[in-house]
Amino acid sequence: MEREPMRIREGYLVKKGSMFNTWKPMWVVLLEDGIEFYKRKADNSPKGMIPLKGSSIHSPCQDFGKRMFVFKLTVAKQQDHFFQAAYLEERDAWVRDIKKAIHCLDGGQRFARKSTRKSIRLPETINLSALYLSMKDPEKGIKELKLEKDKRVFNHCFTGTCVIDWLVSSGSVRNRKEGLLLASSLLSEGYLQPAGDTSKAAAEGLSDTPFLDLSDAYYYFPDSGFFCEGYSSDDDVVLKEEFRGTIVKQGCLLKQGHRRKNWKVRKFVLRDDPAYLHYYDPAGGEEPLGAIHLRGCVVTAVEDMPDTKKYDADNILFEIITANEIHYYLQAASSTERTEWIKAIQSVSRTGK
């Protein structure tokens, strides 16, 4: 029986149309022998498939000056395909895996990630469900803390280092290498959840191991009451009780109007239940002026937009394309802030309700 190709990586990217200069969000799946792309994640059949054998990848791609983090895949028939990622690390992760898939395919090898499983074998008697209950024991388990990082407060969570320390001290594993393997298993089975960009990036395959034995990698129990509160540098704090769900990030951005194409300062509040980015009059007012539905959206950095008035010289823009292909353009105060917003919105679009 023929083996199905491994799904190496998947996620939303913006893809350029093959005939017209249109860019649309696509759910992209990297297989061992090709790339499939779907209009939506839930679709059963792909819109197209790009074979990898004999292909080459080019990054960074400067063919489209106004679009950032673009990479180009040239197939054996010399046809070019262009994809845009949300930020630098995401683009580099896609390029790295595609390069490796092409190399393995051309060399007749199986694709395999680096693993910590070399010469490590966990005892057969380990029961993840029972271990999870022990980890949650109020007295002898892992202590849930309130941690702060990158202008965000993480409630009811703990560090990756704390998890490994507990596994070793409780006798569940013999050393930290075994602890890393066991923690990765707990993560993959849903007994642990990543909190924050560092742990989420590792869980998505951007690190050698899905779980990180680090003091700045945060995790939480899925039924612990975890929530994250964001605050802005200008003390524009909004109380969590004013909203449903968890506030992931908040602050002021410039938003382009859909009709007049003019720019206005708006206060934005990003929350995960429901997955909306609400915007308000920064001068005050409890009722939002509007909302952008983020479930299944794609968000990317852009350098410029045609047929629009520039607000100022900085032009640090990013674009949100919703699931029903409505385009919103926003401007941050700095490139660092833009990346923070992109990562936060991307996280909510994947996990929010």
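If you go along the chain as it appears here, the first residue is 1 and each next one adds 1.
Glycine too: its Cβ is placed from the backbone N, Cα and C atoms.
Feature annotations, courtesy of TrEMBL:
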type   : residues : note
DOMAIN : 6-103    : domain 'PH'
DOMAIN : 138-223  : domain 'DEP'
DOMAIN : 246-350  : domain 'PH'
Secondary structure composition of the domain 'PH' (246-350) [DSSP: H/G/I, E/B, coil]: 16 helix, 45 strand, 44 coil
Residue distribution over DSSP helix, strand and coil in the domain 'PH' (6-103): 16 helix, 42 strand, 40 coil
